[in-house]
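Straight from TrEMBL, the features:
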type	residues	note
BINDING	GLY294, SER295, ALA296, LEU297	ATP binding site
Amino acid sequence: MTVSLEQLRRCHFAVDLGAARTRIYVKGAGLLVDQPSAAAVNTRTGALIAVGEFAEQMMGRTPDYIRVVRPIAGGTVVDIEMAQRMLRQLLGDKTRRALRRNLRLRAAACTPHDADPLAQRATTETLVGLGARKVELVDTLIAAAIGCGLPVERPEATMIMVCGAAATQVAVLSLGSIVTAERIPVGGEAVDHAIVQHLRHEHELILPSQSVRPLQLALSGNGLTAQGPAQTEIHGRDVATGLARSVRVDTAAVREAIQTPLTGVLDGIGKVLRACPPDLVADLADRGITMVGGSALLPGFDEMLREATGMPVHIAERPDICAAQGLGEMLEGRIEPLVLNPLAA
Ligand SMILES: Nc1ncnc2c1ncn2[C@@H]1O[C@H](COP(=O)(O)OP(=O)(O)OP(=O)(O)O)[C@@H](O)[C@H]1O
Ligand SMILES: [Mg+2]
């Protein structure tokens, strides 16, 4: 870990700025915000119309003077000012006032594993704009591992896979640090994109962005496995005529389309395992892989990993909020650092 637990314990709030969702943990109050990272702006006046859930619902349905923007893309803050405005709105006046009472407001944030200095700077700037005097950055992989209760501080290997919207990060952790890690730029968004492209090519249907999720749900029970319903009905717009049309889609074919992006993830896991020292790989054979992040819920994804790696695969209890919860645990001081004192034993 680059920052010490002591420094994190002094933070007052923590933010997980995700490409899909933003989560805010306030010390002593818990996880207060878990909303889509979206903001709707009136382009004539520059006024903010909505943030979070409301803004996401407006996506693709707005008149031309309202624009729905996503200030975070690919795991990085791309529009600092908009991210600040969104966070202010999401926190609400009451919480913001309470936070401002701290003379030296300190914030923590998690950043993707290989975030470059520019991306780290953007995250820091965003929180400084919210009034933080000091910002501590934590690797998402470590925050998520702590959030799902893995014994990261012990001298045994644990493997964590953070399946986000923009990317999938895989790491082997031991003694509170990352031994090997890989960030694969394939996540829930790439899976959604594969489904949209499939329907466009095979059925000449334009799928509204908001309909991808219902389709995934229709696949589920068993999405990537073969026991789901054979067909499901989808409504969209015809590519050529532009008229509304519905088609019956073969779920097996959709499953096939999803496989392509997921193969990249499997390659990444292989790479991490190959780079890992043999002693740690032996630990992993019993303990297996723990999946966190929203896309860990993609039906059948865990089964696919189990087949490909031959290792046990678990999904964390609340995979989507693990990273934010991990930050919270560190803020509240619930993590005991490892005391290396062999002489006392
Ligand atoms: N039940 C579900 N089934 C399939 N996919 C899901 C489910 N729930 C969420 N997702 C996917 O998970 C993704 C969001 O995950 P998460 O909230 O971890 O992302 P994030 O933290 O915002 O992204 P990142 O960490 O990559 O910046 C979305 O792409 C969404 O499509
Ligand atoms: Mg995330």
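Just so you know, glycine gets a Cβ as well, placed from its N, Cα and C.
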Sorted by sequence, non-GLY294, SER295, ALA296, LEU297 residues with Cβ within 8 Å of centre, ATP: CYS163, GLY188, MET291, VAL292, GLY293, LEU298, PHE301, PRO319, ASP320
Number of Cβ atoms other than its own within 10 Å, given for SER295 (ATP binding site): 27
For SER295 (ATP binding site): DSSP state (helix, strand, coil): helix
Neighbour tally for LEU297 (ATP binding site), based on other Cβ positions within 10 Å of its Cβ: 17
In the chain carrying ALA296 (ATP binding site), residues 6 or more apart in sequence that have Cβ under 8 angstroms from it: MET161, CYS163, ASP302, ILE315, ALA316, PRO319, ASP320
Sequence-ordered binding-site residues from GLY294, SER295, ALA296 with Cβ under 6 Å of an atom of ligand 1: GLY294, SER295
Cβ-Cβ distance under 8 Å to GLY294 (ATP binding site), same chain, at least six residues away: ALA20, ARG21, CYS163, GLY164, ALA165, GLY188, PRO319, ASP320
